[in-house]
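S.K.: First the structure, then my questions, so here it is.
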Ligand SMILES: *[C@@H]1O[C@H](CO)[C@@H](O)[C@H](O)[C@H]1NC(C)=O
Ligand SMILES: *[C@@H]1O[C@H](CO)[C@@H](O)[C@H](O)[C@H]1NC(C)=O
């Protein structure tokens, strides 16, 4: 009798252990979104980072758990013909600047030192809560970095750079200080995969817009603005994320497949060896969502995403489709 109980206890423990190794154990979600470049002709980098900001916020990560670093202010740039807006698309369907963007580090605050201090938690005493990454061992963190980079570095504001080794060491400090459970690292820059090559800490899944030796390319110019307004990788990532709802059961593997080479023109790089789980079993909402539900203010009207006025090249036409904003709060309450 005793023997039998022990045996069933064993199998119970084994089953429990197996299920634990598949399920995520995170208890909260954070996002660190960084645009490292300045100047008007880099409009697209602001639009890139705000596209991801829009998506994680829509999917449920509250502003208090998003660190947004933007080196230059395109919305209020005197050269912006449409003040207080940033569009990801020449057709102006999605104003990614929105009504409620909370920038945590702006202008000259976007430095390598502040970035590394933010990650490692070595901030000066008295740093406001909004400028701190208050994660713990239960946090899943989404990193998104964009700007100008090269083999092994990412430039910050044309004046300094963070190397892939410095980044990897900062992440290792985070691991040793129990500041994360899992990290999903996205980078959209030239030779982007060089920035995740040096990672050596556990539980990191990384994706990059291009491989070493490749440039990451911009998507299209808005003639009114006169510059490229979004990069290809992020454009297709946003197109994918706009169709994801907070109750989505899609897997991270589907996100890793966005922007195949025929539309990206660069090869998207993926690094999975440090990540403990099979990406086909990991719901996308483990990183692009929140464990807790949040209510957002009903500031975004429902808009049909109409791409029909954009002139697309032949290869882009495979992505020619419309999609819509989600209602962020039951609209009937307000009418
Ligand atoms: C998610 O919720 C929407 C309504 O809010 C519903 O139409 C859809 O079927 C749900 N999807 C899943 C996968 O449960
Ligand atoms: C991940 O899971 C899928 C489907 O369950 C399976 O086909 C694939 O081989 C797995 N990959 C690894 C690396 O285990």
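Using the three backbone atoms N, Cα and C, a Cβ is placed for every residue, glycine included.
Predicted automatically and left uncurated, TrEMBL annotations should be read as such.
From TrEMBL, for reference:
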{"type": "ACT_SITE", "residues": "148", "note": "active site"}
{"type": "ACT_SITE", "residues": "190", "note": "active site, nucleophile"}
{"type": "SIGNAL", "residues": "1-24", "note": "signal peptide"}
S.K.: Reduced to three states, what secondary structure does DSSP give residue 190 (active site, nucleophile)?
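M.R.: Reduced to three states, the DSSP call for residue 190 (active site, nucleophile) is coil.
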S.K.: Tell me which residues of the chain lie with their Cβ under 8 angstroms from that of the residue listed as 'active site', as long as they are six or more apart in sequence?
M.R.: 36, 37, 42, 154, 155, 158, 189, 190
S.K.: Let's check the environment of residue 190 (active site, nucleophile): how many other CB atoms sit within 10 Å of its CB?
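M.R.: Here the count is 20.
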